[in-house]
Amino acid sequence: MAWTKHQLFLAGLMLVTGSINTLSAKWADNFMAEGCGGSKEHSFQHPFLQAVGMFLGEFSCLAAFYLLRCRATGQSDSSVDPQQPFNPLLFLPPALCDMTGTSLMYVALNMTSASSFQMLRGAVIIFTGLFSVAFLGRRLVLSQWLGILATIAGLVVVGLADLLSKHDSQHKLSEVITGDLLIIMAQIIVAIQMVLEEKFVYKHNVHPLRAVGTEGLFGFVILSLLLVPMYYIPAGSFSGNPRGTLEDALDAFCQVGRQPLIAVALLGNISSIAFFNFAGISVTKELSATTRMVLDSLRTVVIWALSLALGWEAFHALQILGFLILLIGTALYNGLHRPLLGRLSRGRPPAEESEQERLLGGSRTPINDAS
């Protein structure tokens, strides 16, 4: 069945805003500007402040939810139920995981390429599958285990591509390796977040936009408060600011004042995450979970292609191979091969409802699927 203009718009919005989210964060990292007190020109490395901005974008989803709820008042078939009771503190543990994982990923993005960052995030399938078996009592089928193995193989290939690629003075080999490992570590935390959301949040049938906004509120408030002690905690060579501390928000604002384009990149990152979450939820509702996963894979291609075009990274054939293997792993884990096999065997393809149930039940996307 042909897509409507509304569905095409939602798919395009998800693809564009998802790509902007990662690329704008990397664009901000690439800027050089003077900091406070006449400090020398240095790169904009403020991952924790960027994470605060991302949570601000997620927090804005609460406004979208209440707008939808006001619009849906009096409609009996509305999915936005104003009477849904839930305890907001249920979102605190997933929000803490989201805060930790997001901060790690922003630190890693300073060290590695945007395309590797996006591809290595596919590792979440491995840990989600293992944790769902251990803590949710789920039994994985053969195709899901094969998907996990394929994902591991794809991660190895992408890692080899990073090792064999030429590295400039900004991204030394040791930093690239550290960045890649931090991304993998972050996916463990994201997988824990997904398990917590499924165990404690999904059963309350909270609207996804409300869930995203509530987690964003917790993350924004907590991480904003943590910026104060981070200003004084020494981090040595791990730090990217002249004072050598874990985070220097004042230095970041001084750099933004001296290079206004950094503000453009940060605003792009903040706004894109809000629209990306809204578009992703809408695509799953209007089309299918399969479509959302295909678009997410296309997002990786767009990020990789634009990074090459902008000269942010060098071409390496192993990255293509690694991405294809990761794509196969994702497809196997989420059962995307079954409709294809059904058509090849001239069987009746499964209905869209059962497809959504299988995909969302087998591997839920985190409520706030960031960059």
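One-based numbering along the chain as shown.
Just so it is clear, glycine is given a Cβ too, placed from its N, Cα and C backbone atoms.
Annotated domain 'EamA' per Swiss-Prot: 104-160, in sequence order.
Taken from Swiss-Prot, the feature N-linked glycosylation site covers ASN110, and the record attributes it to sequence analysis. Counting only same-chain residues six or more apart in sequence, the Cβ atoms lying under 8 angstroms from the Cβ of ASN110 (N-linked glycosylation site) belong to ASP29, SER43, GLN45, PRO47, GLY179, GLY240.
The phosphothreonine annotation in Swiss-Prot covers THR365.
Annotated region 'Disordered' per Swiss-Prot: 347-371, in sequence order.
Annotation source Swiss-Prot lists signal peptide at 1-25.
Taken from Swiss-Prot, the feature transmembrane segment applies to 48-68 (among others). A Cβ distance under 8 Å defines the sequence-distant neighbours of the transmembrane segment (48-68), meaning residues of its chain 6+ beyond its ends; these are 25, 28, 80, 99, 102-103, 106, 207, 209-210, 212-217, 219-220, 223-224, 226-227, 230, 246-247, 249, 252, 266, 269-274, 277-278, 368, 370-371.
Within the chain, the transmembrane segment (89-109) has long-range Cβ neighbours (under 8 A, six or more residues past its boundaries) at 22, 25-26, 29, 47-48, 50-51, 54-55, 117, 121, 178-180, 182-183, 185-187, 189-190, 192-193, 196-197, 200-201, 204, 211, 214-216, 218-219, 222-223, 366-368, 370-371. As annotated by Swiss-Prot, transmembrane segment applies to 89-109 (among others).
Annotation source Swiss-Prot lists transmembrane segment at 117-137 (among others), citing sequence analysis.
Listed by sequence, the residues of this chain that lie at least six past the ends of the transmembrane segment (140-160) yet keep a Cβ under 8 A from its Cβ atoms are 116, 119-120, 122-123, 125-126, 129-130, 132-133, 180, 184, 318-319, 321-335, 337, 362. Taken from Swiss-Prot, the feature transmembrane segment covers 140-160 (among others).
Annotation comment: Swiss-Prot describes 176-196 (among others) as transmembrane segment.
Packing against the transmembrane segment (216-236) from elsewhere in the chain are residues 48-49, 51-52, 55-62, 91-92, 95-96, 98-99, 102-103, 244-250, 368: each is 6 or more residues past its ends and has a CB under 8 Å from a CB in it. Annotation source Swiss-Prot lists transmembrane segment at 216-236 (among others), citing sequence analysis.
The transmembrane segment annotation in Swiss-Prot covers 261-281 (among others).
Here Swiss-Prot flags 295-312 (among others) as transmembrane segment, drawing on sequence analysis.
What Swiss-Prot records for 317-336 (among others) is transmembrane segment.
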For the transmembrane segment (176-196): best-contacting stretch of 117-137, 261-281, 317-336, by Cβ pairs under 8 Å: 117-137
Helix, strand and coil residues within the domain 'EamA' (104-160) as assigned by DSSP: 48 helix, 0 strand, 9 coil
Surrounding residues of the transmembrane segment (261-281) on its own chain - C-beta under 8 Å, 6+ positions past either end: 10-11, 13-14, 17-18, 20-21, 24-25, 27-28, 31, 33, 44, 50, 53-54, 56-58, 60-61, 64, 208-209, 212, 255, 292, 365, 368-371
